[in-house]
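What TrEMBL says about this one:
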- 6-23: transmembrane segment (TRANSMEM)
- 35-53: transmembrane segment (TRANSMEM)
- 73-92: transmembrane segment (TRANSMEM)
- 112-139: transmembrane segment (TRANSMEM)
- 129-421: domain 'NADH:quinone oxidoreductase/Mrp antiporter transmembrane' (DOMAIN)
- 164-190: transmembrane segment (TRANSMEM)
- 202-224: transmembrane segment (TRANSMEM)
- 244-267: transmembrane segment (TRANSMEM)
- 304-323: transmembrane segment (TRANSMEM)
- 335-355: transmembrane segment (TRANSMEM)
- 375-395: transmembrane segment (TRANSMEM)
- 407-428: transmembrane segment (TRANSMEM)
- 448-469: transmembrane segment (TRANSMEM)
Amino acid sequence: MTATSLFLLILTPLFGGVLLLLANRRPNLRESITLITATLLIAQLALILQSWWAQELLPEWRYDWLPGLSFYFRFDALGLIFAGLASLLWLVNSIYSIGYMRGNEEANQTRFYFFFTVAIAATMGVAMAGNLLTLFFFYELLTLSTYPLVTHKGDERTVKSARVYLGILLTSSIALFLPAIIWTSVLAGTSDFRVGGIFPETVSATVLSVLLLLYLFGIGKAAVMPVHRWLPAAMVAPTPVSALLHAVAVVKAGVFTIIKVVVLIFGIDVLAALPVSELAIWLASFTTVAASVVALRQQNLKRLLAYSTIGQLAYVVLAALLTTRTAEAGAALHLVVHGFGKITLFFAAGAIYVASGKTELHQLNGIGRLMPVTMVAFAIGALSMIGVPPTAGFISKWFMISGALEAGSVVALTALLLSTALNAGYFLPVVYRAFWLPAAENDRHGEAPWPAVLALSITALLTLALFWFHSPLLTLAWQFLEGASS
């Protein structure tokens with residue numbers, strides 16, 4: 001295996017995107033190209049994973065374009081988890097998109113599929129980044145490539161919301177994240193991700209504390225309050241885009257970056273000794289509880305899911321900041337667990353809209369009898385977000401709560417338990433309404449088009465399967481942390 005295999009992970013989606021543009025007037029061919037490209041990407045990652053499990057040395061690539069500045073591709077175990085999640089969910093999302101986009105008769109479908117491929121290519125770049133500079137480049141490319149997807153409808157409300165999305169993410173990156181990277185490079189002499197962190201002992205705790213806060217708020221895709229308003233604003237996008245934002249790429253790039261910065265830039269031991277770490281834990285704890293409280297007040301299903309995502313992302317940030325191996329493993333697991341559960345919920349919301357035009361909670365009475373497959377899948381995703389066995393959410397939440405106990409953090413433990421109760425408070429009434437309240441007399445619709453139903457069924461089953469078969473993911477999480485502490 002050579003460095004070419006790394007480039008192919010970025011070039012394959014981009015090449016597929018070019019072919020999509022050429023197939024603009026042939027929708028069947030266009031969608032076939034999307035599915036084939038996504039399948040090829042999964043196959044390439046499977047080969048890399050096979051080499052990883054065989055303990056072969058994976059290739060890496062570096063290009064020094066200015067003194068002290070280089071593009072650097074190198075996989076670690078966490079990057080493999082993120083890349084694998086994004087590639088698999090891209091395939092499932094592509095299946096779903098066929099049913100959604102056709103069933104909803106959306107315009108500009110070729111443009112939609114094209115920018116999706118660019119976003120996935122950027123995601124692969126984030127996953128493979130061997131230093132902060134490379135990560136920042138693809139992180140920003142991901143922001144720019146998803147902007148046309150958020151503005152897909154093109155009406156005034158959509159464009160206004162998309163400007164909020166772009167403005168917050170770019171401002172936080174340029175004003176906070178980029179200066180943090182530059183400052184880190186000056187202090188450490190490098191921005192490479194390194195086992196145990198990169199800062200010399202001469203850097204003061206005060207400087208490191210300021211840097212931590214710059215990263216925490218500068219990595220806006222992690223949606224730590226108050227840098228969270230872009231997420232609800234982006235709900236104007238078509239549901240497959242919402243799934244991309246919440247489960248496949250964008251928010252995952254945020255929390256992935258937070259974990260990398262905590263473990264490989266600061267180092268767990270260094271971060272644990274910083275007084276500001278307690279403030280950061282309070283901020284993440286506040287975010288997860290506050291977002292859950294706001295979700296309780298929502299009447300629009302997609303906005304409820306948006307605030308749920310903010311709270312769930314805060315779980316990952318909180319677990320990473322606890323700096324115990326158990327909590328860090330829980331954070332890595334929740335990357336995947338939340339991905340499968342939340343994409344199932346968004347798929348269900350989109351299927352409901354395509355089949356019935358319903359978007360508000362009060363309209364969902366009895367819909368479980370009309371769309372049983374969709375609403376059973378929704379229930380599975382909801383239970384996973386709450387953390388109820390036998391869904392995968394129980395596993396990651398168990399590790400995060402255990403990590404909070406191990407760290408002796410009453411604040412984190414209280415936030416995790418309270419937000420769990422709040423999650424139940426806003427998800428279970430939706431399930432109750434769907435299955436136990438009578439439907440309106442004029443409701444005669446059935447399920448959404450079969451590709452959408454197939455996709456949400458797959459992700460719901462995977463959410464259940466991960467409860468039993470999470471060992472490979474856990475092994476990768478431990479390998480990442482063992483490498484980080486060796």
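The backbone N, Cα and C atoms fix where each Cβ goes, glycine too.
What you are looking at is a predicted structure, and each value in this text was computed from that prediction instead of being measured.
For the transmembrane segment (35-53), the list of distant contacts is 1, 5, 8-9, 12-13, 15-16, 19, 75, 77, 80, 83-84, 87-88, 90-91, 94-95, 117, 120, 124: same-chain residues at least six beyond its ends, Cβ to Cβ under 8 Å. Beyond the ends of the transmembrane segment (73-92), by six or more residues, the same chain brings 3, 6-7, 9, 35, 38-39, 41-42, 45, 48-49, 52, 58, 60-62, 116, 120, 123-124, 126-130, 134, 193, 243, 247-249, 252-253, 256, 259-260, 264, 332, 335-336, 339-340, 343, 455, 458-459, 473, 476-477, 479-480, 483 to within a C-beta distance below 8 angstroms of the stretch. In this chain, the transmembrane segment (304-323) touches the transmembrane segment (202-224); three or more CB pairs sit within less than 8 A of each other, excluding pairs fewer than 6 residues apart.
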